[in-house]
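Sequence annotations record features per position, and here Swiss-Prot assigns transmembrane segment to 29-49, 89-109, 121-141, 170-190, 227-247, 282-302 based on sequence analysis. Taken from Swiss-Prot, the feature domain 'ABC transmembrane type-1' covers 85-297, and the record attributes it to sequence analysis.
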Amino acid sequence: MSQSSSTGNFDVASLVEDVNLRRVAQYALVVFFLGFFLVPLETGIMTAIKTNESVARSLPFAPPVGEGFTLGNIQFALEQLSGSFFNSLIMSIPATIGSVLFGSMAAYGLTMVNWRAQMGMLMLFVVGVFVPYQAVLVPLARFWNNIFPLARMIEPMVASIPFFQGYHAELVPLVITHIAYGIPICTILFRSYYQSLPNSLVEAGKIDGASITKIYRRIILPISKPMFGVVFIYQFTQIYNEFLFAFTLVTGSDAPAAPVTLVLPAIGASTSGINFGIRMSAAFLAAVPTLILYVAFAEQFAKGLRTEA
């Protein structure tokens with residue numbers, strides 16, 4: 001009897017020990033990955049608030065001490081990026097809205113409306129997703145600069161808009177390009193969502209005498225809000241961080257219409273070297289708009305991901 005009890009106690013103790021070891025291993029793994037992702041962030045923050053001399057003398061992740069602490073890097077970077085922030089926003093917001101809205105319409109037409117050559121058109125959208133930026137840079141530059149110089153044509157009109165200058169006309173071809181290039185991926189994302197919707201929604205609208213456009217506007221569009229949040233965040237991040245199209249269509253990083261991605265590489269660089277504190281401050285400031293967007297649309301983003309899953 002006592003032998004059986006001791007055996008039972010030994011088994012329970014072994015089980016508890018195994019569970020504890022497993023839990024310790026899980027927590028250790030979580031802490032490792034947490035540190036793996038947070039240490040570079042902490043290093044960047046420490047670098048942003050150090051003087052250039054303190055950056056050279058101290059460890060990257062060590063906090064600044066005494067005169068090594070400064071907020072001048074952030075102030076200087078903000079002054080350098082203020083104009084380009086406005087340029088990036090007036091480029092990214094309409095381009096994102098256009099590509100997301102047109103992508104939703106195209107996905108609705110390819111999923112919930114039956115018509116001839118539907119699959120062939122879908123294949124064109126799929127091909128459009130995989131066309132690399134580099135393949136269209138030269139024809140794109142020739143089209144907007146030589147064949148159809150839209151920026152020069154609308155410059156007087158743009159200059160008459162409040163808060164805008166004539167040079168902001170350079171961003172209009174960039175907006176159109178991002179809309180055209182973003183529609184395929186937005187269409188594919190929305191199509192996967194619309195495929196999960198029951199066809200009875202469309203059939204009920206048809207029975208009530210609603211047209212195709214009215215069904216989209218009154219039925220499909222309202223229930224697509226979670227997916228709009230997902231696609232809007234994704235597309236805004238892609239457009240805001242894009243470099244190649246901006247580098248091709250805007251005259252240069254010194255141009256008054258240059259977005260953040262063109263101005264950022266030149267900040268903190270001089271003939272005497274690179275000021276890493278200023279450069280890191282600029283990098284963090286450049287990430288603020290996308291961070292605000294993620295926070296603002298966090299609920300819609302989570303709902304969209306759950307719906308997609």
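From the backbone N, Cα and C atoms, a Cβ is placed for every residue, glycine too.
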Give the one range among 29-49, 89-109, 121-141, 282-302 whose Cβ atoms make the most pairs under 8 Å with those of the transmembrane segment (170-190).
89-109
So, taking each listed stretch (89-109, 227-247, 282-302) in turn and counting its Cβ pairs to the transmembrane segment (121-141) that are under 8 angstroms, which one gives the highest count?
227-247
In the same chain, which residue numbers or ranges, 6 or more beyond the ends of the transmembrane segment (29-49), come under 8 angstroms Cβ to Cβ?
55, 60-64, 69-71, 73-74, 276-277, 280-281, 283-284
